[in-house]
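What follows is a set of notes on a single structure, which appears directly below.
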Amino acid sequence: ILIALLCTLPFLFFLKKWRRSYSGKTPPPSPPKLPVLGNLHQLGTFPHRSLQSLSRRYGPVMQLHFGSVPVLVASSPEAAREIMKNQDLNFSNRPNLSIPRRLLYDNHDVAFAPYGEYWRQIRSICVLQLLSNKRVQSFRRVREEETSIMVEKIMQLQKTTPTAAVNLTDLLTCLTNDVFCRIALGKKYGGTTTGDGEYHVRSLKKNLAEFYVLLGISPLWEYIPWLEWTRRFDGVDRRIEEVSRTFDEFLGKVIQEHRVRDKREDTTVVGDTVGLDFVDLLLQFQRENERSSSPVDDLTIKAVILDMFLAGTDTTVTALEWALSELIKNPRAMKILQKEVRGVAGSKGEIEESDLEKMPYLKAVMKESLRLHAPVPLLVPRESTRDTKVLGYDVASGTRVLINCWAIGRDSSVWEESETFLPERFLETSIDYRGMHFELIPFGSGRRGCPGATFAAAIDELALATLVHKFDFKLPNGVRVEDLDMSEGSGFTIHKKFPLLVVPTPHACTS
């Protein structure tokens, strides 16, 4: 029997190779996998880094298995272009992920909704009504006011304790939350408000943080279905229910407040919608289309607002935090930027958004920071809707797709000195991060690209320019800039592992 078995094994091996050759299929290169786990054991704490390492061995297009789920990983501009441009329609679907589905009202949002008529209608509403260039510009005053408030907070802290460290990460979080609350909800839910408003403050900040953490969880039972029984013990379901319930109650009250106000003021806006917040606009669209097949019900409004919180706050804070950290760690670049910003500002006390177009180095700094520190390094997963080929390799329908934009941004075959912070590389090139240049895609591209890139850039550029205009920065406790800890945290968005603590000194011309 043993002799027969030994003779059979080579036969089975060659039979498998013959069948693959005969079928004409050319699967992408794939690292060896384990039974049941597939390649899950190779992901580690930082999947974007682990996948970059694997791609250096197996190529820019490779296939892994997360448990029973086939996953295509793209790690080059050419592969990203093929998926997000040449075959955008074939890869426009989203996988049905359990945690986003439950957090976002059964995927009634824009980011995670499956491709189809509902998604097309909702995305169109977001692009045309909420995130158009005209709409972004209409909120310019809000961004400028809240940025000035942040500066005043830093000034007060510095006057009280001139040598004390300031948690810049916290201040940037407050800035983006306050800007977004005013733009989306019509007012801030922060500050010294008392009573019911204070409940909203604590609840909003706490639950937003938990919301972002939960989105970054990939439970093992999602890839290995027979382990689903373990979800009874991991506590994730309870956390999801708590966050979902709190947000549902909060957003329900916000919507009701808008309805009561509109009824009291008999608000019927025709044509001019300047000054309306996102909830106003969505409710107006709901009223105007109540007799049609419009998908905008209250549930959709809540899901879209949560989507906007994710895109408008967490990723924006992440981008600012990394940009400032890189500037502090690279004093030469900081001095160049401060010279540019202060030169444009001249004797003016405040930076205005109209000044930003005169600051090419500022824009280069943001591009370079996003190249090195994409807020969502693997982008939001896609899913193939049909059998197809990617760069000569066969990809089956239903394959999950990850685009490692973090690895693309650090690809030494694309970027000279790819690990070095050099904003100058963008001064003589038209490369941008809006989705047309696939070597720099922190916001994705194509149908499923982030529609809020312009919104995020407006906050990032104004806040960064204002901070370097108003202050000089050093690290607390005598820490040298070259020793600034640039470790990454983990999660859906990749923050610094530790908050950015600085000692700010008001610049002589602005103090």
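Glycine is no exception: its Cβ is also placed from the backbone N, Cα and C atoms.
Positions annotated as transmembrane segment by Swiss-Prot: 1-15 (among others).
The feature transmembrane segment is assigned by Swiss-Prot to 61-77 (among others), with sequence analysis given as support. Note on the transmembrane segment (61-77): residues 27-31, 33, 36-40, 42-43, 51-52, 54-55, 83, 220, 222-225, 384, 390-391, 393, 395-396, 398-404, 407-408, 411, 414, 438-439 of its chain, located 6 or more positions outside it, place their CB under 8 angstroms from a CB of the stretch.
In the three-state DSSP reading, ASN90 (N-linked glycosylation site) counts as helix. Per Swiss-Prot, the feature N-linked glycosylation site maps to ASN90 (among others); the stated evidence is sequence analysis.
Feature annotation from Swiss-Prot assigns N-linked glycosylation site to ASN96 (among others); the stated evidence is sequence analysis. Mapped onto three states, the DSSP output places ASN96 (N-linked glycosylation site) in coil.
What Swiss-Prot lists as N-linked glycosylation site is ASN167 (among others), and the listing cites sequence analysis. Sequence-distant contacts of ASN167 (N-linked glycosylation site), defined by Cβ-Cβ distance under 8 angstroms and a gap of at least six in the same chain, are PRO499, LEU500, LEU501.
Under the heading heme binding site, Swiss-Prot lists CYS450. With a 10 A radius on its CB, CYS450 (heme binding site) counts 24 other CB atoms from all the protein chains. CYS450 (heme binding site) carries neither a helix nor a strand DSSP state and counts as coil.
Between the glycosylation sites ASN90, ASN96, ASN90 has the most other Cβ atoms inside 10 Å of its own Cβ, all protein chains included.
It is 19 Å from the Cα atom of CYS450 (heme binding site) to that of ASN96 (N-linked glycosylation site). A Cα-Cα distance of 16 Å separates ASN90 (N-linked glycosylation site) from ASN96 (N-linked glycosylation site). When secondary structure is read from DSSP and collapsed to three states, ASN167 (N-linked glycosylation site) falls in the strand class.
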